[in-house]
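Features as listed in Swiss-Prot:
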type: BINDING; residues: 75, 76, 77, 82, 260, 310, 311, 312, 313, 314, 315, 328; note: NADP(+) binding site
type: BINDING; residues: 77, 94, 95, 96, 97, 98, 99, 100, 109, 132, 212; note: substrate binding site
type: BINDING; residues: 252, 275, 279; note: Mn(2+) binding site
type: MOD_RES; residues: 2; note: N-acetylserine
type: MOD_RES; residues: 42; note: phosphotyrosine
type: MOD_RES; residues: 81; note: N6-acetyllysine
type: MOD_RES; residues: 126; note: N6-succinyllysine
type: MOD_RES; residues: 224; note: N6-acetyllysine
type: MOD_RES; residues: 233; note: N6-acetyllysine
type: MOD_RES; residues: 243; note: N6-acetyllysine
type: MOD_RES; residues: 321; note: N6-acetyllysine
type: MOD_RES; residues: 389; note: phosphoserine
type: MOD_RES; residues: 400; note: N6-succinyllysine
type: SITE; residues: 139; note: site 'Critical for catalysis'
type: SITE; residues: 212; note: site 'Critical for catalysis'
């Protein structure tokens, strides 16, 4: 490869701790030597978020809206300890949540699979991509303890002043209990549906929506109906052209089906189900260090990619003391590759598309050739049995990936 590939506009968000160090290494060794990017950089490190009163996070989200592609490093979401550690002005919200609220869209998690890394669910040979509808339901519910006997009712008061409607939830006759009122909005469910259909089309895999509409006939039934209506009107012919399909499944049936399957599908989950199943599926594949997270907006055009893990604080503390670390960079590299692949699709850029694919192949081929970080060696041998010769440290592994990428691209006729 003799010349740099022209890559176009990408919004890049720097993060915190060990992942911030890895992020810079990825740019320096794997991206910028080969791709000429119009980079719009935003420092989402906790100190800068504090200094800008979190305005930098909002600015980054607006930039993603404008340029359609964002790649994000893992960031600290502060708790009380972090507020004290960094002497923060306040406990700033999760940057991921802020960005998601501005962009809308659905977060899809996907495992990165290597043949030599054992999976807890051995039958999963292809990824299962989980899309979580991260809005409403239990997460925006009003719940309370019922102090004693009495009635719990839900009332809807129309804005136009017409007749109120009241429903009896439960009559507490002996003692109290607990009660909850939760909601969702058609617009949010519609956006969730569009993002899910767009994801299925981009991967060329079937899509399943899981609900419990047999019990929550009106509530979950609404999800089922909206998905079906949008599919029939706007996506059915595109799905059939790709020989893929959309189906609604009951959540219990879907969980059992997923366990028996070989993977290779998109699973659209309601908020709580997605929260639970995404972690369950991640563990089934073996490692959160090998899990990507992509936010897809309903327009199918705007995408933000990141690793599904945190900032690897424990390794950062070791690094600060000058101790050796072996931190897995793969999910962070895939944030870049997925972002660049999307940029390539938008711009019809075959060279950039080839590069993004080559970068992912190099990561998998390097691990399958036996060069890996300590966490992956532990997946294979069990942590107590891992010796120093079984793995590379953070910087050695990045160098190895850099060397292998250089060799792969040298063979390519670009």
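Placed from the backbone N, Cα and C atoms, the Cβ positions cover glycine too.
Shown here: features listed in Swiss-Prot, placed on the structure.
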residue	record	Cβ contacts under 8 Å, 6 or more apart
75	NADP(+) binding site	13, 15, 16, 44, 45, 46, 49, 94, 95, 96, 311
77	NADP(+) binding site	92, 93, 94, 95, 96
139	site 'Critical for catalysis'	271, 272
233	N6-acetyllysine	none
243	N6-acetyllysine	none
252	Mn(2+) binding site	212
260	NADP(+) binding site	123
275	Mn(2+) binding site	132
315	NADP(+) binding site	18, 325, 326, 327, 394
321	N6-acetyllysine	none
Assigned conformation of residue 233 (N6-acetyllysine) - DSSP reduced to three states: helix
In three-state DSSP terms, the structure that residue 212 (substrate binding site) belongs to: coil
Those residues of the chain, 6+ apart, with a Cβ under 8 Å from that of residue 99 (substrate binding site): 57, 60, 61, 64, 70, 72, 295, 304
DSSP three-state assignment for residue 77 (NADP(+) binding site): coil
Other C-beta atoms that fall within 10 angstroms of the C-beta of residue 311 (NADP(+) binding site): 22
Neighbour tally for residue 313 (NADP(+) binding site), based on other Cβ positions within 10 Å of its Cβ: 14
Where residue 126 (N6-succinyllysine) falls in three-state DSSP terms: coil
Spatial neighbours, same chain, of residue 126 (N6-succinyllysine) - Cβ under 8 Å, 6+ residues apart: 113, 262, 263, 264
Collapsed DSSP category at the residue listed as 'phosphotyrosine': strand
Cβ neighbours of residue 212 (substrate binding site) where a neighbour is any other Cβ within 10 Å: 16
For the residue listed as 'phosphotyrosine', the one of 97, 109, 279, 313 that lies nearest, given that the binding-site residues are compared by Cα: 97
Sparsest-packed of the listed recorded positions (81, 109, 224, 400) - C-beta count within 10 angstroms: 81
Distance [Cα-Cα, Å, rounded] between residue 81 (N6-acetyllysine) and residue 313 (NADP(+) binding site): 13
